[in-house]
Amino acid sequence: MSARRNFEWPELLTADGRGIAFGGDYNPDQWSEDIWDDDIRLMKQAGVNTVALAIFSWDRIQPTEDRWDFGWLDRIIDKLGNAGIVVDLASATATAPLWLYESHPEVLPRDKYGHPVNAGSRQSWSPTSPVFKEYALTLCRKLAERYGTNPYVTAWHMGNEYGWNNREDYSDNALEAFRAWCRRKYGTIDALNQAWGTTFWGQEMNGFDEVLIPRFMGADSMVNPGQKLDFERFGNDMLLDFYKAERDAIAEICPDKPFTTNFMVSTDQCCMDYAAWAKEVNFVSNDHYFHEGESHLDELACSDALMDSLALGKPWYVMEHSTSAVQWKPLNTRKRKGETVRDSLAHVAMGADAINFFQWRASAFGAEAFHSAMVPHAGEDTKLFRQVCELGASLHTLADAGVQGTELAHSDTAILFSAESEWATRSQTLPSMKLNHWHDVRDWYRAFLDAGSRADIVPLAYDWSSYKTVVLPTVLILSAADTQRLADFAAAGGRVVVGYATGLIDEHFHTWLGGYPGAGDGLLRSMLGVRGEEFNILGAEAEGEPGEIRLSSADDSAALDGTTTRLWQNDVNVTGEHAQVLATYAGEEADEWELDGTAAVTRNPYGSGEAYFVGCDLDVADLTKLVRAYLAASSQENADVLHTVRASADATFDFYLPRGKKTVELQGIEGEPVILFQTDREEKPGSYTVRRNGVLVVRR
């Protein structure tokens, strides 16, 4: 396992190189050069100090195979630098020029049906194509040779959103690479046959040259889940290897500037194993796009909580988010008054030290013409650009106050996230195809906020032993080693909360035997003090069947009375001598499924700690009741406010952001205000009125 790269933050063109980075993707090659000076004038007006440049510019840099044109890039980098704006220079490989596809159509990826993924969009290339890699690395070296010592280029932006369009490649190149990957991973074909369970449906292989990728096999056919899980791992690894090849090609020439690439962690996107990717960058970056509705801020904070963990508590970079509406959803909602500033400051509240947008100037043409930007189609005399300017001033104020470099204070609760469990929940072979690990992580996160607490989101593979409580929502895959870690954590005094559909399979997608949840050859069952025989899956597939089952509290708290489950119920027996049943299934619907009186939520002492089993799905409101009663009963936080703390040895900053539509009255706030965005300071010391989408930041 490779060591993590050193943390290195790109410098700005300030006297000390410090400050909160602010800007966006800049695509000057979409515009005539007579626009560039006006762009820079507006950038200075808005307080922009950094741009990401040349992300989709390969065809402008290399118009034909034997011709290179750096002149336009030289000119814009000089203009930006002379204006005090640094460049995060892209490797420009996100989209290849059409001449390359015409000359070498074999570089195109293929879908599971064998069709080529044609050029014309982004990432229409196979990460396993040696031909494409040769051209891409030549480009990287050319860029490094020309700009490696340029003082205005302070960071390298590798690729763009790796995996957006080529996460799964079914080409012949991919097939050969997958066979080699399997050989490296398993060593022998017998070990691979064992891992994939190929005796089922007669899939045994005699050699690695018989290994297949999970191409289309017929409309009603199901892919071997072990094979598909390894193909997901392979796709992640191939893209990571491609990123590292690009990075290393530049680093050989320009080793002294930091490298990053933009992850995709937001509403419905967490497609890569970013716990592995985070080790290979000098600073972590993310593209975050907002979730419409009442959970807008909560989802942002949840995604950012994972980013903070991936960054190991170091500052991280918002590489892209939107000033207002995007253009790629069926319905694209704009942001309300204040949300452009509020969302950006919320990212800072969650540990970000850089706020960039897609993009600087709204495109006049192309697929993203109606995607919002810092400068909208209507120009500078707009509400949106004025908000951008207000944001720039706020970020400058925060930087002057000393926020940059402070670290986000952690919770005592960790919600564990597993990319492999996220991939596994997509399998067609599970009792329900409605499982979604990342959504369940988000629901638990919101429940802690609603209970007046806050949790961290931590990759399962990381060290979470310092927390008091760990929560596992739909963590389908648990290895024996990870199960032992959980048992050791509980035995040492920790609290483990295991959600439904957790610990059902091992890392090869083999079911753990002996009863559910069986992870660790029954160690998880022993820790929980329960043993499940079957799952009850609701879905109203048969007319007249109940769509939900009610729970009834089984202890004096009555906390879970009236809560309901609508998808998945574990039918378990309580086996622990000292296990306590906290809630049971109850009522006519439970009786219909022979679950009436069966344990739904339990608690079991284990060593010096305890383990909870939440054996059914619950919505956010019902999870909140559970969290408030058993997991965060002592919390004193105001559930109407997202409150975070960033601190260093020199200063502590408190951020307060209302979570809903209502104005929030805050009292007893210590410290001096730094930011009063849509916030009024009242006469009474420590009292503030924070309006909808407002932000209060105080230093103490």
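From the backbone N, Cα and C atoms, a Cβ is placed for every residue, glycine too.
Model, not experiment: these values are computed from the prediction.
Of the listed candidates (N82, N160, N286), Swiss-Prot assigns N160 to the same substrate site as R122, W328, E368, A369, F370, H371. Fewest other C-beta atoms within 10 Å: among the recorded positions E161, E320, E368, that description fits E368. Cα-Cα distance from H371 (substrate binding site) to E320 (active site, nucleophile): 12 Å (rounded to the nearest whole number).
The Cβ of F370 (substrate binding site) lies under 8 Å from the Cβ of A325, Q327, N332, each on the same chain and at least six residues away in sequence. Counting other Cβ atoms within 10 Å of each Cβ, the binding-site residues R122, H371 show the lowest value at R122. Each residue contributes its Cα atom, and for R122 (substrate binding site) and E161 (active site, proton donor) those atoms are 10 Å apart. In sequence order, E368, H371 make up the list of same-chain residues 6 or more apart from W328 (substrate binding site) whose Cβ falls under 8 Å from its Cβ. With respect to their backbone Cα atoms, E320 (active site, nucleophile) and E161 (active site, proton donor) stand 10 Å from each other. Other C-beta atoms found within 10 angstroms of the C-beta of A369 (substrate binding site) number 12, with every protein chain shown included. The separation of E161 (active site, proton donor) from A369 (substrate binding site), Cα to Cα, is 19 Å.
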